[in-house]
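To keep things clear, I will list the structure first and then write my remarks on it.
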Amino acid sequence: MKFVLLFGVLLVTLFSYSSAEMFDDFDQADEDELLSLIEKEEARAKECTPRFYDCSHDRHSCCRSELFKDVCTCFYPEGGDNEVCTCQQPKHLKYMEKAAGKAKKFGGKVKKWFG
């Protein structure tokens, strides 16, 4: 009976050790993948097109604002036949950013009151 109990404890210990090693390997792979994605995003962010600049060469190159990415909007100017594309922020996203900023500011005040 003691042998079975000792063997069971040894088996559980080895199983937990092997699964912990496996999870560490997965965590390391996830971290490496995340770091490479962050590096790619930073490299791409340096090449973005600022707001109200021409984005007709690459419609997905608009810069990010505080919360949202600007959108390449194309239109025909009055009296013109050429299409013009510029990076712009849609109004609903502009209002959402303002509301988030005010909520953040109010949250800071509440934290001061009760913190």
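Note that Cβ sites are derived from N, Cα and C of the backbone, with glycine treated the same way.
The record in Swiss-Prot lists a disulphide bond between Cys48 and one of Cys63, Cys72, namely Cys63. Cys55 (disulfide bond) is surrounded by 25 other CB atoms, counting those within 10 A of its CB over all protein chains shown.
Checking Cα-Cα distances from Cys48 (disulfide bond) against the disulfide-bonded residues (Cys62, Cys72, Cys74, Cys85) with a 10 Å cut-off leaves Cys62, in sequence order. Between the listed disulfide-bonded residues, namely Cys72, Cys74, Cys87, the fewest other CB atoms within 10 angstroms of a CB are found at Cys74.
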